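Peer 1: One structure coming up, written as structure tokens, with questions to follow.
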Amino acid sequence: MNHSPQSARPVSIMRRFLDSEAAGGITLMAAAALALIVANSPFAQTYFDALHLYIGPLSLAHWINDALMAIFFLLVGLEIKREMLDGQLASWPNRMLPGIAAAGGVILPAIIFAVLNHDNPAKLRGWAVPSATDIAFALGVLSLLGSRAPSSLKVFLATLAILDDLAAVVIIAIFYTAEISMPYLGAAFITAAVLFVMNRMDVVKLLPYLISAVILWFFVFNSGVHATVAGVVAALMIPLKPAPGRPDDMTSPLHKLEHALAKPVAFIVVPIFGFANAGISFKGLEASVLGDTLTLGILLGLFLGKQFGVFGAAWLAIKTGLAEKPMGASWVQLYGVAILCGIGFTMSIFIGLLSFPSDLMQTETKIGVLSGSALSAICGYLLLRAARPDQSAANPLWKADESPEAKNFGRFLCVFHFASYIASTYCTERLQAASSLLRRSSLEFALPGLLKRLIPRRFRAVETEIPVVRLHGAIMTGGTSLRPTLSLASTAGILEKAFADKHAPAVAISINSPGGAPVQSRLIYRRIRDLAAEHQKKVFVFVEDVAASGGYMIALAGDEIIADPSSIVGSIGVVSASFGFPELLKKIGVERRVYTAGSNKVTLDPFQPEKAEDIERLKALQLEIHATFIDMVKERRAGKLGDNPDLFSGLFWTGTTAASLGLIDGLGDMLSFLRKTYGDKVKLKLIQPQRGLLGRKLPGIGMDSGSVEPAQIAAHLGDGLLCVAEEKAIWARYGL
């Protein structure tokens, strides 16, 4: 069957596009632009909600950043190994110039960022963000120049970007690793050893390597090391038989896998990452975000640090004779490529997500990355488009006094950077004015046209999820599923589950308890503080109806305590209560027989009259417990307590008065407080007791392990009725 030229033309156009060098960068740009548009459209909420839709144990955003990006790093590892063994990096002379330039491009941006953020340890964690180069974006921009850019420059940029990626992988593995699980890490090492043995035994089928790579990813993901490192490790174990002079040889497993992954990664994996992480909302932004040291550190690190670091290191290497300048490329063109190295979209955002757990810091990171990358792309492209190839074969920077082009290039650098400074200042002022105009005119959603002229104001980060634990009920042992109570045995498991969420910056605890057993109260308090220290998380406590006596003791575990104005808070005292039946047995004709081997063994027997010495002994115990309670309050509320003589008398107050006395930190509700702290997109995740295979709740909040059996309920019915009466009495003290 014959096809007309018209029917074949669309297919050939698409094929030419997919095969072009610029295709990957253009696709990534389009994905990022689409994310900006969607995030500022009526579909914005659907976009953000979809990213946090849970699929199995992880949200969609985590699947993209932890699993899908492992495939990207697998391809990066394959490219690094191929280039080192059978490509541009196979010989030391070829490695010198891009290697030295890459080192300068990693070190100087990190120094600029550290200088601006040295006094803030939390922000300093992002020192590596401006050190990365996005190979797809940078090569995409360079490819738009066509024949204006000599092939030697493209090889130089590609090689430099690969070494830059290698540095980023090492940085992620060393500096952005969470707490280590040695069993999983050991299993990962064993799996890597299996891959190594297969390589040494000349196993050439890909399937065993791919299966082992998936297993390796699982172990690395659970070990605490970032899961994307598994992709690089697996890539380095896949065999490549060097074939000098035949870089396109497709006989080795590495070549086959690299060829199979190239287009899916370029046109599926990386664009999905860009679309998922480049969503920007322009609503409710302050102009001061652009002036924050975190944003400026990344912006200046990418735009200035990269170009000065890469070009300065390359110039020094060429001047000292360690390397040669790319053939046919002028100094201006080499400087233009150095500017393009400041495009750090994919890898910079990825490191930023690892560096900062909070929504605000991730937002500032993305603003800095986009601004620095955009400036680098525009300025680098314009400079390369205006430059002429091989303008200075005589090395103008080497012989500045002999070549007029050297003087012209020096003047150009001065004018270019002065213009860059003026442009940056002007853009900042324009953005501040635009932000003020948007707030006055409420045109936050009428921005698609401005995207072409203004640097975006906000990248919407993956929303923060805060685990929520409900501690509701009286504090005593022996609770059941029908009558839940609080004790260490019933709360330990659910607390550990909440604090184990490694992505959450804090744990929220809802308390509604009138108190109860002081020992159980202190044990729960201690467990919360120990878990917070172990996992380095903040604890926010929110009081509902009441946090009194032992309930307030548990609330002291919070770094901040928030209550409703009508909540009941306080009752810092100790009470003991029981029933006395000294005349009951006589009336019903029952004789009670008690045998002891100690004179004080029947202290406070409810069937005997009270003794003065027994009451004094009980009050002495109460004073000791009360003193411990007071010490806890003074320690946890140091510098916040008011001067009130009734503070430790056992009185209780409303939330409003408790705030003025320093017993709590503020008034409000959980959702409003957490939105103010972590941003509007914060998500609350209620931690539920674990369920068995048949869906029945396992022992958790308020129940003992055997509390669900009807026979046990019947057997302990008498005790249960007394406990219910005691519990009702505790609640009744506060009118509840």
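Using the three backbone atoms N, Cα and C, a Cβ is placed for every residue, glycine included.
Just lifted these from Swiss-Prot, have a look:
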- 1-387: region 'Na(+)/H(+) antiporter NhaA' (REGION)
- 23-43: transmembrane segment (TRANSMEM)
- 58-78: transmembrane segment (TRANSMEM)
- 96-116: transmembrane segment (TRANSMEM)
- 126-146: transmembrane segment (TRANSMEM)
- 155-175: transmembrane segment (TRANSMEM)
- 178-198: transmembrane segment (TRANSMEM)
- 201-221: transmembrane segment (TRANSMEM)
- 265-285: transmembrane segment (TRANSMEM)
- 298-318: transmembrane segment (TRANSMEM)
- 334-354: transmembrane segment (TRANSMEM)
- 367-387: transmembrane segment (TRANSMEM)
- 388-736: region 'Peptidase S49' (REGION)
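Mind mapping these onto the model and telling me what they sit next to?
Peer 2: Long-range neighbours of the transmembrane segment (126-146) within the same chain, counting only residues 6 or more positions beyond its ends whose Cβ lies under 8 Å from a Cβ of the stretch, are 20-26, 28-29, 105-107, 109-110, 112-114, 117, 153-154, 157-158, 160-162, 164-165, 167-168, 171, 175-176, 266, 270, 294, 297-298, 300-302, 305-306, 337, 340-348, 350-352, 355-356, 361, 365, 368-369, 372-373, 377, 380-381, 384-385.
Counting only same-chain residues 6+ beyond the ends of the transmembrane segment (298-318), those with a CB under 8 A from a CB of the stretch are 96-97, 100-113, 116, 126, 129-131, 133, 160, 324-325, 331, 334-335, 337-339, 341-344, 348, 352, 364-365, 367-369, 371-373, 375-376, 379, 395, 397, 420.
Non-local neighbours of the transmembrane segment (334-354) in the same chain are 28, 32, 65, 69, 72, 101, 105, 126, 128-134, 136-138, 141-142, 153, 156-157, 160-161, 164-165, 168, 171-172, 176, 226, 228, 270, 273-274, 277-278, 298, 302-303, 305-308, 310-311, 314, 325-326, 362, 365-366, 369-370, 372-373, 375-377, 379-381, 383-384, 387, 413, 459, 461-462; each lies 6+ residues outside the stretch with a CB under 8 Å from one of its CB atoms.
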Peer 1: With Cβ-Cβ distances below 8 Å as the criterion, list the same-chain residues six or more beyond the ends of the transmembrane segment (58-78) that contact it, or say none.
Peer 2: 50-52, 162, 165-166, 169, 213, 217, 221, 226-236, 238, 254, 257-258, 261-262, 264-265, 269-270, 272-273, 276-277, 346, 350, 353, 462, 465, 503
